[in-house]
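Novice: Dumping the structure here so I can ask a few things about it.
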Amino acid sequence: MAETLEFNDIFQEVKGSMNDGRLRLSRQGIIFKNSKTGKVDNIQAGELTEGIWRRVALGHGLKLLTKNGHVYKYDGFRESEFEKLSDFFKTHYRLELMEKDLCVKGWNWGTVKFGGQLLSFDIGDQPVFEIPLSNVSQCTTGKNEVTLEFHQNDDAEVSLMEVRFYVPPTQEDGVDPVEAFAQNVLSKADVIQATGDAICIFRELQCLTPRGRYDIRIYPTFLHLHGKTFDYKIPYTTVLRLFLLPHKDQRQMFFVISLDPPIKQGQTRYHFLILLFSKDEDISLTLNMNEEEVEKRFEGRLTKNMSGSLYEMVSRVMKALVNRKITVPGNFQGHSGAQCITCSYKASSGLLYPLERGFIYVHKPPVHIRFDEISFVNFARGTTTTRSFDFEIETKQGTQYTFSSIEREEYGKLFDFVNAKKLNIKNRGLKEGINPGYDDYADSDEDQHDAYLERMKEEGKIREENANDSSDDSGEETDESFNPGEEEEDVAEEFDSNASASSSSNEGDSDREEKKRKQLKRAKMAKDRKSRKKSSEGKKGKDPNAPKRPMSAYMLWLNASREKIKSDHPGISITDLSKKAGEIWKGMSKEKKEEWDRKAEDARREYEKAMKEYEGGRGDSSKRDKSKKKKKVKAKLEKKSTPSRGSSSKSSSRQLSDSFKSKEFVSSDESSSGENKSKKKRRRSEDSDEEELASTPPSSEDSASGSDE
């Protein structure tokens, strides 16, 4: 027989909400840990009095009763697990795990039985439903009625608000069945009534959340916060954890009370009650109980008369009444010697405390993250201009918390702490490459060389120089944005001619070198622009006279049916119209679609016929264009063979016109294709006289005639 049994995905009903967790049975007892809150139910083996197995909504359930009247119910078991649990109970707890079915007759009359902290409504020997009396918040009586109201759980999608019982009168004298019923409920119910005197009162305590100053009255079963505007009554059963945290300035203390369910102020929910104390403030406290009652109730944890620091008195009383341990920071110590780290969360600055089993951030908004719910952490490096880093935590549920603006000096301490707690570090490979002193990270400020930043600065300078050069030399450059008949080779020829013209000028050696450097830059930029334009011109250069592609059957039908769809659905958007048309097309019968398929086939045949005619006419024109291009290239090669006379003619033509154009450039424009002639006919007729005067002086004509020979 196994010493322990463990079950995952077991559910516990808490005021209408099903919370999942893990159940572990051992020789010593039964432990259930809530996955959401981390709360642990620990049932000692000697306290168990009864175990019941029954069918419930989530499969099968286990109901446990203890000697002090507490009832624990866990659901989510499989039917096959009964034998294993039954044998375990017999062997280790010496209890018989009984099977008991619920009544499903649907009757609304029966017998009410009170057992421990449970109200059971039975029909015969079978229970119909059970009500934990600790969930009752109010009990009121009428003539023959008793009404129970319940505490609400914000996590429950559907909540039970109240139950009303009709109690018939009896013939017994002196016994009121309605009052007897109500007293049985109130004796075990969690009804918050400020009856009697408080055990003690703390006056005008500073509260950070909810903000204000409150008088705290300590009652046996609940805590009463009384402020100028709001009152809060907090049952001790809703307190999950207590934290006592020293402030970074070493002069103040935080006392944090974790609550589930939270207290509410309008639509705002407070999961944490945070009190702020000064270490220098002392108090003398006298409990409103005699010494015998104090000794019997608190067993030496409290005395009738106590004195000391205010924060010590509050924490000591709360620990005794709530019966929870107080969590304090562990052995973590930051760069400044404090047990916390200054950082920012969301829009507010606060303090992050690394604890032995989690992290807690105070104070706005307070956050508590347990180690067992952390998936991984990440050290996010800050920018090069800051001296800080970010600490990111992602939970197993996918929630991410980012604590930013942490001083870089805290990096080493925090990294060592996370490593010691064996938390998964997302960027571990990067961090293990850092030396133990973390000097490389610590020196990552604005003085460090950033190669990417330097490269961006250099590129910006080059762009600025090019912009200045283009504005200074605008008289020497031609319009590069309009060269429709020009190839990439023509760009190089144009700049070569400019280079020769500048070299023949009467400038110094340094000016010539500077001019060549600028011209090479411009040539490179022009080539880049040409390469970018080339891809776009491929799309823009589509012949408008070419036949259009045929439409598909769906598009033909859509164009014909568009107006009808609009009239059937007035105000429909384009997107919705397309979706609606797609739905109609899918729902059409095959016979109706065949009509549009035939139309699409006819359109395809017409397109193929038109394309053949178009390709035939285009082939003849392309042959003529190729022959003209060959003549153009031949003329350029011949011109290169006689550069001396050409250069002198260029220098003389430059004095006449700011924009230089050689004769072969003019002639190449004149010998362009028939398509370009029709577009540029009007422009050439206006500029022909100016080009003859400015671009072809007598010396240029002589050189051209010499090359033709």
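Cβ coordinates are placed from backbone N, Cα and C, and glycine is handled just like the others.
Pasting the relevant annotations from Swiss-Prot:
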type: MOD_RES; residues: Ala2; note: N-acetylalanine
type: MOD_RES; residues: Thr170; note: phosphothreonine
type: MOD_RES; residues: Lys233; note: N6-acetyllysine
type: MOD_RES; residues: Lys413; note: N6-acetyllysine
type: MOD_RES; residues: Tyr441; note: phosphotyrosine
type: MOD_RES; residues: Tyr452; note: phosphotyrosine
type: COMPBIAS; residues: 470-496; note: compositional bias 'Acidic residues'
type: COMPBIAS; residues: 497-507; note: compositional bias 'Low complexity'
type: COMPBIAS; residues: 515-533; note: compositional bias 'Basic residues'
type: COMPBIAS; residues: 534-546; note: compositional bias 'Basic and acidic residues'
type: MOD_RES; residues: Lys542; note: N6-acetyllysine
type: DNA_BIND; residues: 547-615; note: DNA-binding region
type: COMPBIAS; residues: 577-624; note: compositional bias 'Basic and acidic residues'
type: COMPBIAS; residues: 625-634; note: compositional bias 'Basic residues'
type: COMPBIAS; residues: 643-659; note: compositional bias 'Low complexity'
type: COMPBIAS; residues: 696-709; note: compositional bias 'Polar residues'
Novice: Taking only the residues in the DNA-binding region (547-615), give me the average pLDDT of this model.
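Specialist: Summarising the DNA-binding region (547-615) by its mean pLDDT gives 86.
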Novice: My understanding is the cutoff is Cβ-Cβ under 8 Å with a sequence separation of 6 or more in the same chain; which residues meet that for Lys413 (N6-acetyllysine)?
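Specialist: Non-local contacts for Lys413 (N6-acetyllysine): Phe332, Gln333, Gly334, His335.
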Novice: Would you mind reading off the Cα separation of Thr170 (phosphothreonine) from Lys233 (N6-acetyllysine), to the nearest angstrom?
Specialist: 38
Novice: Measuring Cα to Cα, how many Å separate Ala2 (N-acetylalanine) from Lys233 (N6-acetyllysine)?
Specialist: 46
